[in-house]
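*Asks:* What TrEMBL records for this protein is below:
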REGION    1-44  region 'Disordered'
COMPBIAS  15-28  compositional bias 'Low complexity'
TRANSMEM  50-69  transmembrane segment
TRANSMEM  81-106  transmembrane segment
TRANSMEM  383-401  transmembrane segment
TRANSMEM  479-499  transmembrane segment
TRANSMEM  519-536  transmembrane segment
DOMAIN    544-622  domain 'PilZ'
TRANSMEM  625-644  transmembrane segment
């Protein structure tokens with residue numbers, strides 16, 4: 001059994017029986033977890049904003065001139081028209097997307113003055129923090145619960161467990177959180193939140209997914225916004241502490257696939273009055289939610305849909321562009337695609353149920369903002385069309401533009417470069433062209449499937465994104481058939497072009513350049529497709545035996561009484577370095593570690609699972625929730641734990657199960 005801060009006499013007996021040696025010198029300073037996405041961005045200088053706007057206007061103007069040239073002087077005739085018209089439509093679609101992006105990101109300067117205003121004297125809004133969970137591992141859930149309990153500001157902590165798991169109830173009661181289940185598990189997360197919403201008696205609710213760990217000052221930074229009586233929501237960015245995930249640019253990089261959206265696009269939506277709820281890391285006004293019938297249950301994207309109803313009812317929303325919580329990004333391709341399919345299907349359901357272009361009550365800016373968000377799911381059709389266009393050129397010998405191919409390449413390339421420059425600058429450091437183009441390819445399977453669901457009956461099923469490790473043997477992910485098919489088509493087109501140039505097929509090219517331009521285009525596309533397939537198949541994104549995310553933790557430790565140091569921990573085990581000793585695999589012993597902010601060590605019963613040199617991989621043999629919570633706090637760098645039990649007195653709905661800590 002693991003132990004956390006036992007009584008002094010028992011501690012001496014435990015230390016003696018385990019042969020623990022006195023701890024090495026403790027660290028002088030408390031290690032704090034840095035905010036991986038950074039602080040609230042500083043206002044942009046006038047000169048920089050002028051540069052951004054000049055490049056953006058230049059990109060739009062250049063594209064307009066290019067499109068006028070294309071329509072007026074380069075449209076083909078005859079057989080080539082069937083290639084020319086689709087190509088022009090793809091270019092027009094790209095132009096519309098560019099304009100919407102420029103409009104959205106034109107101004108992302110945060111309103112810092114409001115954040116510096118201290119809360120008004122008098123009673124502050126009361127807050128209940130809701131942690132929605134279904135089947136997430138306890139190793140994923142515990143850091144969130146620990147951090148929520150440690151947040152500054154008065155609040156209640158509720159764990160909404162749709163999995164009805166006894167071990168989660170045990171954890172909640174041990175740590176001082178309220179445990180809530182419901183008799184009927186309908187409408188997935190939306191239903192879970194609505195069930196709690198009927199019991200909540202506070203003014204505000206803060207909502208966290210099971211894997212999102214808040215900073216201690218989360219409520220201090222967000223609740224002051226609600227001095228505005230018409231404010232319904234404050235959303236903060238999503239960022240991730242597993243920086244080796246499938247979504248991250250490279251291991252250890254803070255840049256991930258959603259960075260541009262959360263650090264730039266949402267900030268632009270805020271200034272347009274259209275920032276929307278993203279499911280977690282948010283605070284909502286209870287009366288506002290109740291005024292629109294609670295959380296929307298008609299779609300899989302209940303957060304997006306609910307915000308649109310709040311806006312239509314006249315409520316306002318705010319986006320606080322500072323990372324105040326970090327979660328787990330999709331670690332594997334399978335988790336990534338499951339998540340994106342769910343979001344995409346939900347977006348298509350919103351189009352069917354509450355089309356923002358026709359929903360009454362929205363402002364023009366809000367309609368455009370919602371339309372931009374929903375239309376982005378169709379961008380993959382443009383990506384696919386542009387990937388297949390050179391294939392059609394090489395297969396038929398027809399060129400979709402009636403001009404010299406090199407002239408076309410020059411003008412189209414110039415417009416493309418200026419567009420990418422505008423996107424990069426307006427992306428404020430979160431839009432890298434290579435990374436964005438790679439994920440344009442990676443999103444193809446999920447986005448195509450999602451948009452096709454708009455035309456197909458049924459709403460799809462709710463799939464919870466896998467968080468943490470699966471506990472299975474490491475295995476490579478399967479590549480979606482769409483990407484294999486695209487790769488096969490591209491390779492076949494190159495082979496066919498070679499045969500055609502050798503005169504071995506019926507296809508003839510008017511000039512060698514007619515084949516050279518699409519071959520160059522195809523080579524670039526094939527490079528991104530190949531990189532996407534290699535990324536999916538990489539062993540870095542396979543599954544792993546060990547449960548939970550590994551946190552680096554370099555603190556003194558003893559194992560079996562031998563001095564050493566921690567390397568990393570998860571909530572299922574640890575890795576320890578013993579410089580001059582090696583224990584046998586299967587050894588059952590005690591691990592003691594000395595972490596900042598604690599006078600006594602955290603002690604666990606462990607079994608040695610593997611030994612490589614001086615590194616010992618250990619598995620915890622039992623669970624002591626307070627010891628694990630202390631370990632979680634040390635690993636995440638959150639504040640010292642608060643063990644006060646949750647407030648009592650919440651009414652219990654018939655059929656609901658609410659367990660109060662003692």
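Backbone N, Cα and C atoms are what each Cβ position is placed from, and that goes for glycine too.
Thinking about packing and proximity, how do these listed features fit into the structure?
*Replies:* Residues 44, 91-92, 95, 98-99, 102, 106, 411-412, 414-415, 418-419, 421-422, 425-426 of the same chain, all 6+ positions outside the transmembrane segment (50-69), place their C-beta atoms under 8 angstroms from a C-beta of that stretch.
Here the transmembrane segment (81-106) has Cβ contacts under 8 Å with residues 53, 56, 59-60, 63-64, 67, 70-71, 75, 264-265, 268-269, 272, 368-369, 371-372, 375-376, 378-379, 382, 385-386, 389, 392-393, 396, 398-402, 419, 422-423, 426-428 of the same chain, all six or more residues outside its ends.
Counting residues 6+ beyond its ends, the transmembrane segment (519-536) has Cβ neighbours under 8 Å at 246, 333, 386-387, 389-391, 394, 409, 437-438, 440-442, 477-480, 483-484, 486-487, 490-491, 493-494, 497 in the same chain.
With helix defined as DSSP H, G or I and strand as E or B, the domain 'PilZ' (544-622) counts 0 helix, 42 strand, 37 coil.
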